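Trainee: Just dropping this structure here.
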Amino acid sequence: MSIRDWPEAERPREKLLEQGAAALSDAELLAIFLRTGVTGCSAVELSRRLLSEFGGLRALLEADLASFCGHLGLGVAKYAQLQAVLEMGRRHLAERLRRDSILESPQAVRDYLKARLRHEQHEVFACLFLDTRHRVLAFEVLFQGSIDGASVYPRQVVKRTLAHNAAALILTHNHPSGDARPSLADRQLTARLKEALALIDVRVLDHFIIGDGEPLSLAEYGWL
């Protein structure tokens with residue numbers, strides 16, 4: 001049965017307009033994005049099938065072009081649309097972050113870092129550079145690969161801090177495994193960077209580790 005034949009209150013688009021996007025299931029949201037199904041399969045049914053094949057919404061959103069287009073109902077045009085939507089979301093979060101001091105919008109910081117790093121398949125280390133009023137100057141990825149004491153160079157972090165004329169930093173890196181708990185190496189690296197930046201009177205406000213859930217704050221655990 002086509003979605004057009006469903007009761008109006010159950011159609012994804014009408015339901016979104018009536019109740020808001022948060023009221024929709026993953027399959028219903030995806031169905032609105034897809035717009036149409038395939039022969040013998042409504043957009044919602046196709047969405048459920050795709051979510052099952054990918055193993056969930058996150059895997060679908062993070063799929064590369066070849067993987068994405070290897071599924072029925074998906075192609076290059078949809079992939080391009082999806083990447084544009086995801087990038088608009090990241091830019092929206094970045095604008096929110098730049099408007100105010102990060103101390104006034106701590107959740108915006110977490111949301112932004114999640115959007116930037118959660119999809120990465122390999123470890124990525126980045127810095128959020130802040131001015132004297134703790135407003136964002138820049139976000140920059142500095143290192144990629146295995147993030148440990150041997151691969152992250154304090155002198156490079158100091159160099160980029162001076163280039164941005166930053167007064168404070170937020171450090172961040174992701175754990176592709178999804179487990180955000182810090183390793184001993186993570187804590188040692190944080191201490192080394194804090195010490196190096198203190199020499200130029202720059203504060204490290206926090207170090208967030210991005211996993212599957214909410215970003216883990218080393219400062220909140222007293223590890224900074």
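Heads up, the Cβ atoms here are built off N, Cα and C, so glycines get one too.
Okay, these came from Swiss-Prot:
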| type | residues | note |
| --- | --- | --- |
| DOMAIN | 102-224 | domain 'MPN' |
| MOTIF | 173-186 | motif 'JAMM motif' |
| BINDING | His173, His175, Asp186 | Zn(2+) binding site |
Trainee: When DSSP states are grouped into helix, strand and coil, how many residues of the motif 'JAMM motif' (173-186) land in each?
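Mentor: DSSP composition of the motif 'JAMM motif' (173-186): 3 helix, 2 strand, 9 coil.
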Trainee: Drop a 10 Å sphere on every Cβ of the binding-site residues His173, His175 and tell me which sphere holds the fewest other Cβ atoms.
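Mentor: The binding-site residues His173, His175 were compared, and His175 has the fewest Cβ atoms within 10 Å.
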Trainee: How many other Cβ atoms are found within 10 Å of the Cβ atom of Asp186 (Zn(2+) binding site), counting all protein chains shown?
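Mentor: There are 22 such Cβ atoms around Asp186 (Zn(2+) binding site).
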